[in-house]
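To start, the structure under review is shown below, and the notes come after it.
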Amino acid sequence: MERLGVSVLRCVLLLFSTSLFTGLHASPISQTPFVLRKLCKFCDVGPSECNTTQGHCMVNCNITSICERSDEVCASAWRRDGENITVETVCHDPSEPFHGVTLKDFNNRECVMKQYAHLGPDFYICSCQEEECNEKLIFSSEETPRKNPPMLTIVLVPVSVLAVILLSLIYFCYVHTLRQSKLKHDFSDTHSILTTKHERSDSVSNWLNHNTELLPVHLDEVVGKGRFAEVHRARLGQKTSENGVFQTVAVKIFPLEEFVSWNTEREIFLDAELCHENIVHFLAAEKHTVEQRLWLITAYHARGNLRDYLRAHQLDWTELCKMGGDVVRGVAHLHSDRNAVGGVKVPVAHRDLKSDNVLVKDDRSCCICDFGLSIRLHNNMSTEELANRGQVGTARYMAPELLESRLNLENIESFKQADVYSMALVLWEITSRCTVIGELREYEPPFGKLNQPCIESMKDTVIRDRERPEILHGWRTHPGVNVLCEMIEECWDEDPEARLTASCVSERFNNFSGPSFLYTDSIDEDKTSNLPETEVELLHLSS
């Protein structure tokens, strides 16, 4: 007990001296906290129906931008010229004039309009500091802005929080000392945290790392980079299961300024009903505040993404059915409002489906990854909420209605059908590398003649010229590929409502493994007499 008291006292003195030394000798870098840049509505001057007589109104701006600098604030300018009303929303440095006016009231949580008569009889400007606060413009004097707390509060609150943290650390040292003699230095505790009541027999369940200690992950090489993050191959310090499935993991690392993308993907993964063999397996989400990084930890698949795999490999018919079926089943599971056992599930639209976002496992099965742009399709979502999701995705794989920004926001199924179009392009990629279609060309993505196309060039190709990836005549000679091509064409139809659903395509894929799809130029009725009716029907269709 005397040794225990000495240990606790030593811990308290160490914490106190460290805090004192840090306060007296902190470097300029440590004194300057990392500040996230703001999210503001950011649209050029455009027509608006927002009127001062309404008291307040919402701007019709669908673009949300991360400000370039942390000291910038959200600002809006409202102007009426006769019967025409225009609104401008921007990120702006308050130290610089905005329309010739120095912003003095930017320390607000709401955007309260102030009239500037010298700019015109009906010219109003507002500024504020909350996320996207310049979306709602307040004209009524009854709706006064909520000022940020006074300086005394700003000082007292952090001091109080630090005091609580210090007491918590003292308590932690005490508890840690008590337990030190009882705990063994192994991975059993970490495993017990990762394994919950939802655990499958063959994998570790989805889990958000709420523990104060981060998982013992050692980063290895970078294996991929995207718009928002980079992916590392990594190793857990010790095995997380008896067979060591997740000893090697993938860590997707976001900078703090990409919090929105990290949080979107994290929230998608946190739905336990998302778990599926054709969805990449999620392990943990962590905040690394010291390094100012955000982590998502998932299963690692050494074969990489589907696009790179197809570039280096040819497929036979069985592999085509397996890989294509896996992609379809993954999309169908995302879109479904039921899980595999009939439980309620929130549908998810991926919104960036492409071969780069499909991983190939060791057994050559596939799983879908990268949910940074995904959306959970709740039935009670309003048109405004859906509209604010904006025009996202990769231009090469975007459906016609997305390219033209004419998605039907009255129906959440529209988001799913846009995914189906993208899925059709991925199926075309897989089919183009199958040996049963005849002589194979070098791999190329859909619309391969276009190099890194933008939205405008894709609009010209897909909408104006009504082009789709080429399906050669030789593909039709194989009965199975012929039926698959017909499905692909139905999935990339110009009309979203005419496209097949992912669940329908999944059901049809289940018929692709039978003997009716052996290569043949004619149908022998004697050979088909013992086949299931669905396979005979498909065989006749393909011939």
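Every residue gets a Cβ built from N, Cα and C, even glycine.
Noted from TrEMBL: CYS128 is disulfide-bonded to CYS133, selected from CYS126, CYS133. The recorded disulfide partner of CYS91, taken from TrEMBL and restricted to CYS57, CYS61, CYS67, is CYS67.
The recorded disulfide partner of CYS61, taken from TrEMBL and restricted to CYS40, CYS43, CYS74, CYS111, is CYS43.
Note on proximity: among CYS57, CYS126, ASP352, the recorded positions of the record, the Cα nearest VAL231 (ATP binding site) is that of ASP352. Across the domain 'Protein kinase' (217-518), mean pLDDT in this model comes to 91. CYS50 (disulfide bond) falls outside any helix or strand according to DSSP and counts as coil.
Between CYS43 (disulfide bond) and CYS111 (disulfide bond), the C-alpha separation comes to 16 Å. Shown are the disulfide-bonded residues CYS43, CYS128, CYS133; of these, the residue with the fewest other Cβ atoms within 10 Å is CYS43. If you count neighbouring Cβ atoms within 10 Å for each of the disulfide-bonded residues CYS67, CYS74, the highest count belongs to CYS74.
For the pair CYS67 (disulfide bond) and ARG227 (ATP binding site), the C-alpha distance works out to 17 angstrom.
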